[in-house]
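> Residues or ranges marked as domain 'Major facilitator superfamily (MFS) profile' in TrEMBL: 22-509. Here TrEMBL flags 69-88, 100-119, 125-143, 164-186, 218-237, 301-326, 346-366, 378-396, 408-429, 441-464, 484-504 as transmembrane segment.
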Amino acid sequence: MANLRVLSALDSAKTQYYHFKAIVIAGMGLFTDAYDLFCIPPVMKLIGRVYYYDHYHDEQRAITVPPSLVSISVAIPLLGTVFGQVVLGTFGDRIGRKRVYGFALLLMIFSSFCCGFSFCRTRKCVITSLCFFRFLLGFGIGGDYPISATIMSESANKTTRGSFIAAVFCMQGFGILTSSAVTMIFCSAFDRASAASSKSKSSSSSSTATSTPAEADLVWRLILMFGAVPASMTYYWRMKMPETARYAALVEQNIPQAIHESRNDEIREELDVAVPMPSPSSSSSYGLISKEFFWRHGRDLFACGSAWFLVDVVFYSINLFQSHIYGDLLRKPESVNAYQEAFDVAKLQAIITICSTIPGYWAAIIFIDRIGRVKIQIMGFFCMAICLFAIGIPYSKYWKNHTNALLLILYGLTFFFSNFGPNTTTFIVPAELFPARFRSTCHGISGAAGKMGAIIGSVGFLWACDSKDKSKVEYSYHKGIGTTSVLVILGGICVLGMILTYLFTRETNGRSLEENEQIEDQTN
């Protein structure tokens, strides 16, 4: 590895305005990602009311969204994210971070806007077109993950790099909160303005449940289309961002450009633009698909991918567990109209985000460069396992019929330690371990492994958590292995994640990106 003064200057540079500007610009991409992915639960309630309307034997009319539709709505964008992370992550190393960054954002804007449209009003056509554009949206989101992390890691100094990348990832929490707020605002406004809502105030609860105004078909479209707004506001500033200095120096081998694009006045004054070009090291000739790559970086890629896979299995499963935890605290679907049901789901999501999700992100920002990535990841997996075992083992005998404060606290702590733990560190570590010419690609591969875990966790939990007793299974669902078994399995997955982290994950705290690569070379 050539000892480039521009790289050491970047590592020791003081925190400046452009660092915070990069956090906001990159973070708005994660903000948009979270909005688009987490606005779908209340949206599915509205779609269910509009397009899936069944009659019960007791002549009460209510809505049950088929589990197959729920599975598809969750899995399709995640599948798109898998492809986007691999494909656009690879292009980020080949043609540059900046070019892919712009394309991913344009794709997110276009697909978010198009998610609100359909080519007809029939159920089959609406769902098909929605799934198509949600796949494109996931593809754009997938590309945004590795590029955002890579740009921030290559722009930060080595002492605050973890906090800066965590701050970018933290914007996910605010994206989730915004999606809930927007849903609540639209639902409240349309509920008050609709004639059906005014009639429901003086009618029976059964009549309230049956009233699904035609305007409800517009509300879910507006919620989805709003996701294009923050992305559009970010596009100009994202295009004004320069290519990272590390990419220019190490991949393009253009030192003058690296100095020019460092955006650091101290570096520009200190370094002479006529720095000699570095000669490629012997280790820079191997490709991604080669024995040497797997010999040098295979352990790191396995560590990043496996940890991300395991945490996403758990994280997306416990998101779906909300209906089991808070079901007794919410109004029954048959007693509210479409707007009110979606409002309740969004409100619940907002409460969890404020009380546990966002505090977990901020704890990670504060302690990531003090404690280290590996310790926080192990601690997060361990605490998640404890909480899941505490909920799962006595769930059928006690928690199922006793939704009290302790249960809510335990459930909130699983989200807190997920974000103050592996959900954040798995986003950070892949952006620090790999050489510059493989950094975006390997981050994309690791993230794709995570989203495969998300698909397994979300779809698998949906089908597996129902009771073994067919008579107790919700309408249109099938019997499963039971919630207790599922939660215990998720706790076991957290234990496995803790073990794999201890055995395989390398600590990157306090080292420059190039030092991490040198340590890998010396080890092998």
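Backbone N, Cα and C define each Cβ position, glycine as well.
Show me how these features fit into the shown structure, please.
Averaged across the domain 'Major facilitator superfamily (MFS) profile' (22-509), the predicted model reaches a pLDDT of 83.
Note on the transmembrane segment (100-119): residues 29, 32-33, 36, 84, 88, 91-92, 125-126, 129-130, 133-134, 136-137, 139-141, 143-144, 147-148, 151, 221-222, 224-225, 227-228, 231-232, 234-235, 238-239, 241, 440 of its chain, located 6 or more positions outside it, place their CB under 8 angstroms from a CB of the stretch.
Tertiary neighbourhood of the transmembrane segment (125-143): same-chain residues 32-33, 36-37, 47, 51, 69, 72-73, 76-89, 92, 100, 103-108, 110-112, 114-115, 117-119, 227, 444, 447-448, 451, selected by CB-CB distance under 8 Å and a gap of 6+ residues from either end.
When Cβ-Cβ distances below 8 Å are used as the criterion, the transmembrane segment (218-237) is approached by residues 21, 25, 28-29, 31-32, 35-36, 39, 42-43, 46-47, 50, 102, 105-106, 108-110, 112-113, 115-117, 137, 175, 178-179, 182-183, 186-187, 190, 339, 342 of the same chain, each at least six residues removed from its ends.
Same-chain residues lying 6 or more positions outside the transmembrane segment (301-326) and placing a CB less than 8 Å from one of its CB atoms are 74, 294, 348-349, 352, 377, 381, 384, 388, 403, 407-408, 411, 414-415, 418, 421-423, 425-426, 429-430, 433-434, 442-443, 445-447, 449-454, 456-458, 460-462, 465, 483, 486-487, 490, 493-494, 496-497, 500-501, 504-506.
Within the same chain, residues 145, 149, 153, 162, 165-166, 169, 173, 303-304, 307-308, 310-311, 314-315, 318, 321, 325, 352, 355-357, 359-361, 363-364, 367-368, 373, 376-377, 379-381, 383-384, 387-388, 390-391, 446-447, 450, 497, 501, 505, 508 sit at least 6 positions outside the transmembrane segment (408-429) and bring their C-beta atoms closer than 8 Å to a C-beta of that stretch.
Only residues 6 or more beyond the boundaries of the transmembrane segment (441-464), in the same chain, are considered here, and those with a CB under 8 A from a CB of the stretch are 67, 70-71, 74-75, 78-79, 81-83, 85-90, 92-93, 142-143, 145-146, 149-150, 288, 297, 300-301, 304-306, 308-317, 319-321, 426-427, 430-431, 433-434, 477-478, 480-481, 485-486.
Under 8 Å from some Cβ of the transmembrane segment (484-504) lie the Cβ atoms of residues 299, 302-303, 306-307, 310-311, 313-314, 317-318, 321, 374, 377-378, 381-382, 384-386, 388-389, 391-393, 395-396, 422, 461, 464-465, all in the same chain and six or more residues away from its ends.
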> If you count Cβ pairs under 8 Å, which stretch among 69-88, 346-366, 378-396 touches the transmembrane segment (164-186) the most?
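The listed stretch sharing the most Cβ pairs with the transmembrane segment (164-186) is 346-366.
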